[in-house]
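What Swiss-Prot says about this one:
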type     : residues                          : note
ACT_SITE : 86                                : active site, nucleophile
ACT_SITE : 181                               : active site
ACT_SITE : 183                               : active site
BINDING  : 235, 236, 237, 238, 239, 240, 241 : ATP binding site
DOMAIN   : 9-207                             : domain 'Glutamine amidotransferase type-1'
DOMAIN   : 208-400                           : domain 'GMPS ATP-PPase'
């Protein structure tokens, strides 16, 4: 019998902050399971979840507006600790009898708060001391409104000159509110505050660890599928690879992985996937060479969104055909991760805008009538990687830069042709190889090469040539929502350019993309 790793759990109510998923990841890093729900949950849903504690996230709205979100009243009647962050503190204060006002100026950035009263939340935690020995905390503020009166049964724990109630607490009810963001690294002791709340105040044990998550996932897969056969589309990406390894550990030969080689992968990627999963780990893999089929479907198409949809459609067709060849397969496995689940739930409210369609949305035709196995659906990407390491997958593969689902289909601008893909594969391999040699690969968040369908004059030896152009792209980002172009050294860029032009016959010019996000997106298409 495996240990119940969901025994202690934190419920995070999302009021729309850009940092809310980060709060959840921090709680998970503390070894405690948590879930992220929209703020408008019912009392019955909270009771069913049975949380050990509740966190109210930040958010962009103003609590002074009549129709702004509020925490369900049951949150404050459930008898569990509650931690309000920024907007979460403001709605807590307002709902429990305090007062919030719009501030004349938005407070954004570093601040130093002075601890003026003892509280379980910050006891013994400090960055510095005042002249008279009071603790100071370096925090990150990001708010427009502020609490101007706390509820009568709360105390002021910390304040700044411009924010009289930076931390408030009701120790008896174990309600806490902070006007700053403890989840961001700029709040230096933020992780300790979250740990104090989750581990000490809520008394949650650290049961959420990679080894225990694997044991739990394996047990749940076995319980769900029994002796039935399962099929999985293996791409070589992190999510499908870790899904494959978990299923292999759980059901062994009853898993069949279908690897569709669409001709849009990186240099030697198909061989690497087959070697590692087939030869090294002994998984049962069906290799489907489908380059010609994908490229013929893409012929003549220039629109990026149309290309994505074509690649997705052809993949489903090929996968469908292979699945029908297998006898008695009852289950389809997918590498859905927790942010996908959150995103789908958000989209159901109609509030999310589609910037680019996800390649994996849609799934298989209804007539296949398979059950769905999603062993990663509770996990964030960083947790998936840690589990992959625990399962024996190589670090370099798990921590590779992101690669789009449609592959080179959206890194070749305009129409996709085999010639363009072959040139791009080789140029990109040189860029990545040089980044690794210069110890720059892990210093940038994502790096890749883009093929531009324009020719440029070049000189080789005594002759002129009229060949293609590629662009190098490297960015630095924390969350991929915004990004800066990476300031790579000039001599490094020169070395990469020289190698590509000299070694890849057909490319005459290399440029470097210096666009940030926004206004540009990270990928060109």
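Each Cβ is built from the backbone N, Cα and C atoms, and glycine gets one as well.
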Based on Cα coordinates, which of the following binding-site residues are within 10 Å of residue 181 (active site): 235, 236, 237, 239, 240, 241? none
If you average pLDDT over the domain 'GMPS ATP-PPase' (208-400), what do you get? 89
Could you state the CA-to-CA distance between residue 237 (ATP binding site) and residue 183 (active site) to the nearest Å? 28
Work out the three-state DSSP category of residue 236 (ATP binding site). coil
Let me spell it out: for each of the binding-site residues (236, 237), count the other Cβ atoms within 10 Å of that residue's Cβ, using every protein chain shown. Which one has the most? 236
With an 8 Å cut-off on Cβ distance to the 235, 236, 237, 238, 239, 240, 241 Cβ center, who else from the chain surrounds the ATP site? 234, 242, 243, 244, 335
Where the distance is taken from Cα to Cα, which of the recorded positions 86, 236, 238, 239, 241 turns out closest to residue 183 (active site)? 86
Residue, out of the binding-site residues 235, 240, whose Cβ gathers the largest set of other Cβ atoms within 10 Å: 235
What is the Cβ neighbour count of residue 241 (ATP binding site) at a 10 Å cut-off, with all protein chains included? 24
Residue 183 (active site): tally of other CB atoms within 10 A of its CB: 27
Could you state the whole-number distance in Å separating the C-alpha atoms of residue 238 (ATP binding site) and residue 86 (active site, nucleophile)? 34
